[in-house]
Amino acid sequence: MVCNTAPRVWAAGQMSCQVINPTLQALFAGRSTLNIERTLDPNLSPAPGKTSFGASGSVFAQLFYDGVEQFYCQANSCVQNFQNNTNWKCQNLQCTCRPGTTFCGGIPASNLTGAINTLAGTLEIDCGAVDPSSGTATCYFVQSTLQSLFGSSGLGLDGCSFGECVRQSVIDTGGGSSTGSEETTESSTLSGGVIAGLVVVGVIVLLALSLLAFGFWRQRAARRNGYHDIGKARVAVSWSNLSYTVPSGSKRSALALFRNRKKDGSGASEDKAILDNITGTVRAGQMMAILGPSGAGKTTLVEILAGKSKIGVTAGSVTFPLQSSEGRTSPRIGFVPQQDILPATLTVFETLLFAARLRLPENVPDTEKHQRVLDLLQKLGIDHIKDTRIGDVTGGKARGISGGEMRRVTIGLELISEPDVLLLDEPTSGLDSVSAARIANVLHAIAHDPVNPVPVIASIHQPSSLLYQKFDLILLLSHGRALYSGPGGFEPVHHFKRTGDGTVPEYQEGYNVAEYLLDVASDPPVSLFPMGEHTSSTIAVATSATEKVPGGDPHASHVHESLGDREKQGANENGTMVSEVTAKPQTNSVYATTFLTQLQYLCGREWKTLKRDKTLFLTHVLTSAVLGVFCGGLYFNTGITISGFQSRVGCLFFLGALIAFSSLSALYNMVEIRPLFLRERSSSYYSPTAWLLSRFFFDMIPLRLIPTIIVSTITYWMAGLAPDAARFFKFLFILILYSLGMTLFNFLLGTLFQNGGIAILLSALSALYQMTFAGFFVNLSNIPPVLRWLQWICPLKYTLEALSVNEVGSGLMIEDTLQGVPVSVSAALIMQLLFGFGLNNYYRDVLVLFGFIAGFGVGVIGVVWFMDGFSGTTTMIDTEQERMDPEGAAAAEVAETQVDRLSEVPLEIFCEARF
């Protein structure tokens, strides 16, 4: 017979422990003793019924206070495991209070009957090794309710002594069959939701890797095709009966897409006619200048010819007759906008090379692209500044090249793809006469190239006499209608002298013809507007600047040949058949390069920008370091009292709020870079997805990830948070996820709203909303039901909850004194009581944050692809009141007054003319 005094049980053993807890002792100052009988296999006991009393695998416990039993507990289905410690794990715990005892109603103010009788579920008794000096060990009575009160270890038991009578043969044979072995290890399982989330994340990673591999394959296949000259086609531009109207009350709102046209009381439409029955033709080798006062419709006409998407109603047709196609079925159309939108940190050569690498086919060797850029620089006359940075004309960054040089770079961005048609919106506006003349010489050389002539159409606001003489053809607009369309030079003067004798001012010799035409168009008499059923055919279609009417006056101003007559002929001067290609809203719907190539060069440009303009990156890093020291000093070595725990959560909340507000810079970057994206997107440089990925990588890593790591690391260790490497990395992981989500959220606002002020306001308000419903300022359980649902769409709530759960999961205990009563409870209980956070919600919160990231990411891609305001095409109503000079507003009012005055002319005079 052997007397076993170790924690391990061979058959059936008893243990007796002292319950010493400051909180319980403050309530019950007497001596509390817990006696526990553990029965593994009663049949192995020397005298069943005397040396053992319970069934196999059972536990029976009694708590005595000053020698009086207070309550008892029992559990079954117990399994003993032992390795370093001896652990008993049992199921079906039931506890019963002895009514009238001290714990159970004897003292009404401290009645624990309700709490004790509800103890249920799983019970664990975990005991360490016996101290040889005292012959006792420390054990823990572990149950979920007790864990929430006293920490993850449960109720501590001190001075535990053990006793068991057992035969030596039982010890030699290993004891009861249900006893665990030395190799038995504790296992843990993941919940179904966490497993499902990990599967989803794994599938996403696998899909990303598959797409990357597919991208590599496509890129290599495209480059193996071999180099073929892309060739050029001789193309003419023809437009017939072209009209454009917009709802007057919603010119600047994309909501006009969804509004019905309104009628006034008389039934007249409120729609504004920006263009009305415009007809014309420009052949390869010709330059046309579109003249007219502000508000005449010049920009609108050019953009419609370029295929830009408009929110108004466009009528008529635009065709591109191919005079020589070289096997091509659709023309390449180059459009140069009025503004010079260029990357400020790149050099002139790098800017043009970037365009060449993305706009020329993938199979064109990079050396060939370099050579084309060098040739183009020489052709534009800017080869001497090829290594000069472009700079910023707004004053936000360092100045670089001049305005005229910027304009030539912008034209070069379109010429690099060798367009068949070149359209320009006021290419000389804002330039001095010398710079304007250089631009005109470049355009003249492009149009009259002896090998590859190109039709060039440009809207000109106020040309000089020298600039005016460069154009072969003139189209004069007034109030959206054509006053003249034909050869340039002095032909318009002769035309108005014949048709407007006595109604228009007489031309003074030596006066700038362009100025004279603008004077005529600014306040034209009604007689100059074509009338009758064949309005579109009475305005001449321009042919060659040297072409004359057979048998007519050599000074005839234009050839009366309608577009319909020319289409009926179906042949050009050489007798070859002419094919027509109808213009589409987006002229370049297929990208010249693969997705991976686009991402490669976009990332390369972002990297150069980051290296050359380090101000934002350094500001983020310096600010994060300073705020890290400030926050760490504010919460330095936070204590483990109740107020100290509240400070810990306050520290975590501060970090989340800091990330929410610092991510506003992502919104500013998006608003700042959007004009460049719109221009490049409209020219089919790259897909929106490639651009978003490059922006995300070079915004997230240097401006979000690195600063977050800096501020979090400094604050974490200075504040004295859980001193565990695993807890620190889980803490850092949550903050990075939140920063990722907030970056994408601000990307979404930046793409959804064209007005940066609105986007910034909404972002700031959303940060305040998140701070309100995060759970720090108000207990989530106490929010009124009508508003409680808002917490579920608050990313900061899940972030703060995950950070708090990670902190208390380290076994943090609160040691404090309340009104003289010492308190030693688990921080998890305080967290639940003060903030309403769930103890087991860490992995759920991680998956929810992943959900926010995925949702915001899909939203950004969807907005960029499908929203008109960010689709890469112009959606603003460009009536030229959007882009006019300082005097343009008054001119626009004059134009609108003139339209109203003309609309009052009797119908029999205007016939079918529409205004």
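Each residue, glycine too, has its Cβ placed from N, Cα and C.
The transmembrane segment annotation in TrEMBL falls on one of the ranges 615-635, 783-803, namely 615-635. Packing against the transmembrane segment (692-719) from elsewhere in the chain are residues 599, 602-603, 605-607, 609-610, 616-617, 620-621, 623-625, 627-629, 631-633, 635-638, 648, 651, 655, 658-659, 662-663, 665-666, 669-670, 673, 728, 731-732, 735-736, 739-740, 743-744, 747, 860-861, 864: each is 6 or more residues past its ends and has a CB under 8 Å from a CB in it. Ranked by Cβ pairs under 8 Å to the transmembrane segment (731-753), the stretches 194-217, 647-671, 760-780, 846-867 are led by 846-867.
Long-range contacts of the transmembrane segment (760-780) within its own chain (CB-CB distance under 8 A, at least 6 residues past either end) are made by residues 649-650, 653, 656-657, 660-661, 663-664, 667-668, 671, 745-746, 749, 753, 788, 790-791, 794-797, 799-801, 834-837. Within its own chain, the transmembrane segment (846-867) has Cβ neighbours under 8 Å at 193-194, 197, 200-201, 688-689, 691-692, 733-734, 737-738, 740-741, 744-745, 747-748, 751-752, 795, 798-799, 802, counting only residues six or more beyond its boundaries. Taking Cβ pairs closer than 8 Å, the transmembrane segment (647-671) reaches residues 616, 620, 623-624, 627, 631, 634-635, 638-639, 695, 699, 703-704, 707-708, 711-712, 715, 719, 721, 735, 738-739, 742-743, 745-747, 749-751, 756, 759-760, 763-764, 767, 770-771, 774, 776, 796, 799-800, 803-804, 807, 831, 834-835 in its own chain, all 6 or more past its ends.
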